[in-house]
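Remarks on the structure that follows.
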Amino acid sequence: MEPNNNNNKNVVEEFTDQKSPETPSLIKYISSNQVSGFDNTTYKPSRLSNVQYPQQEHLNYLQSKEIEIPIVEIPSPELEPNQTHKRIHSVSISMPPSPIQAHVNSTKKVLFDEVTDSNGAAKSASCELPKPAKFHSQPMDIKTAPMLPVNPSARTIDRRFDSFKTWSGKLERQITNLRGKPQRESQPDDVVLKSSEIDNLPVDRYFDALEGPELETLRASEEILLPDDKRWPFLLRFPISSFGICLGVTSQAILWKTLASSSSTKFLHISLMINLILWCISVSLVILVFFFYSLKCLLYFEAVRREYYHPIRVNFFFAPWISLLFLAIGVPPSLTKYLHPALWYILMTPFFCLELKIYGQWMSGGQRRLSKVANPSNHLSVVGNFVGALLGASMGLVEGPIFFFAIGMAHYMVLFVTLYQRLPTNETLPKELHPVFFLFVAAPSVASMAWAKLQGSFDYGSRIAYFIALFLYFSLAVRVNFFRGFKFSLAWWAYTFPMTGAAIATIKYSNEVTNVVTQSLAVILSLASTLTVSALLVSTILHAFVFRDLFPNDLAIAISDRKPKHKKWFPLIKNLSSDYSKDIDNFLKFTDSEAKDLEASENVQRSDGEQP
């Protein structure tokens, strides 16, 4: 052990006597000021120095600042602990890629000649400029993201609604040019509908593409012309059936005027102030609905035209004029007691022109004959005649009111029989009950009051019409459970005024036949009518402001004129099922008859002429 210790002492003495070895080049102290342009902020003029940039002043400010870097002591593994090497680290600042970085790229970059790798071998490094750094965008929080100004000219116009516009967007572009604004980019022409797709649709197309009591639900196999993935403009979603609200509210004004002025209801002590308030609300509502639908006629005439050709909504075109007639009848006595007869002629002229068109289609025997398009909403086109006769008779007119009363009575009898029979050609009348059936009550109840006004008393003719209306009212009221499960619709408002009309007719009848039964019936029907209108008003407000679905996309006006394509085997299955259904119907037709009838039902002629 002693020889080994002696050897170690000799090695240590030799190591202490020798001078310190030379420091490797990698960690050798080099002052950055010895090399011009090496990681310093001293600006050196270059060939781009004469170019002035907006940020040049800010750059000179940065260059005038000296960056002080703390001295870091790096211990050398080969030296003693008390010996350290001092080196100032250079600082590299990344600048965004912009023209002001051109002079920075011209500065000199010095790399060490020898770079020691992990194995201790020395590598020679060429003096190459580093590649410019790539900057990648990073996700930014929406709250902290800067709001960049949007160029209005970069926005695109949705041209898919142009086919329903009155001017197909041409007027909009002309107004834009006149205002001096640049035209915005439009979508490709393949998005815009062709003119062949907006021709007049036959009535059979509405029956094939739509379903429901009001023909407003699109079948699953159908396609529409307008986009169904977004909310349409408000005017396109504003239907003609919105005038049903006017019918319900204006009829209430007449009801409360009759309750306040009738002798049989004096015990209720109802003030005419209620009539005044309801009448003012009705006037405001009629003006508002007229304004929006007039805008629709001006801007989206194609949608109005499609509603006119709709077999059910065409009857709602009588609703605006009926609402005006209701306003004239329900005018408060505090405002005026007598209306000029010229008002009656003004209101009945468009009504008469519309009747010529609709009633002519019923008799023509074409696609829109009554046996094909008959539905309970046709009562709207008939009841207007009786309302006009009632208003004319109250003004002192005779011939004109009788003329419209006769037209209304003739077409009401034909319509009543057609709807009651449920002809095989009539496919629109649903099997289940619906609030639309209350329109059966409207025509006879108003007709009874019109005839009483013409005759001067509630005579037998008025009583016959009134009793028909009362029976139809009771026949629907006892089946109230069948009216459940229907989705709220704006067209329900049109079915409230028949209940109001029945209540008013009952009050008129109680004035002629005054007793406890008639007075109680008048109060009950008036209360039922008022509660129904109030419930619909609450539902309308909820759907308008809470659910926000009062005016959904009106799919009934956007159906295509082309039928959906089915596979070849689909018609075969359809014809086969129809043949079997005919055999079943013929068999069930005689199930309650004698045995010979059952045999007759089995011996139905086949298509090949053979008997089973």
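Counting starts with 1 at the first residue shown.
Placed from the backbone N, Cα and C atoms, the Cβ positions cover glycine too.
Keep in mind that TrEMBL annotations are predicted by a computer and have not been checked by a curator.
The annotation region 'Disordered' is assigned in TrEMBL to 1-23. Under the heading compositional bias 'Low complexity', TrEMBL lists 1-10. Residues or ranges marked as transmembrane segment in TrEMBL: 234-255, 267-293, 314-336, 342-359, 380-397, 403-421, 433-452, 464-483, 490-509, 521-547.
When Cβ-Cβ distances below 8 Å are used as the criterion, the transmembrane segment (521-547) is approached by residues 245, 248-249, 252, 255, 259, 264-265, 268, 473, 488, 490, 492-493, 496, 499-500, 502-503, 506-507, 509-510 of the same chain, each at least six residues removed from its ends. The recorded stretches the transmembrane segment (490-509) and the transmembrane segment (342-359) do not share 3+ CB pairs below 8 A when only pairs 6 or more apart in sequence are counted, and are therefore not in contact. Long-range Cβ contacts of the transmembrane segment (314-336) within its own chain (Cβ-Cβ under 8 Å, at least 6 residues beyond either end) map to 239-241, 243-244, 246-247, 250-251, 253-254, 257, 261, 272, 275-276, 278-279, 282-283, 286, 289-290, 293, 307-308, 343-344, 347-348, 350-351, 354, 358, 377-381, 383-384, 387-388, 390-391, 394, 491, 494, 497. Same-chain neighbours of the transmembrane segment (342-359): 314-315, 317-318, 321, 324-325, 328, 381, 384-385, 388, 391-392, 395, 397, 400, 404, 407, 411, counting only residues six or more beyond its ends whose CB sits under 8 Å from a CB of the stretch. Nonlocal intrachain contacts for the transmembrane segment (234-255), taken as residues 6+ away from its ends with a CB within less than 8 angstroms of a stretch CB, comprise 161, 164, 226, 275, 278-279, 281-282, 285-286, 289, 292-293, 295-296, 299-300, 303-304, 307, 313, 316-317, 319-320, 322-323, 326-327, 329-330, 489-497, 500-501, 503-504, 526, 529-530, 533, 536, 540, 551-554, 557.
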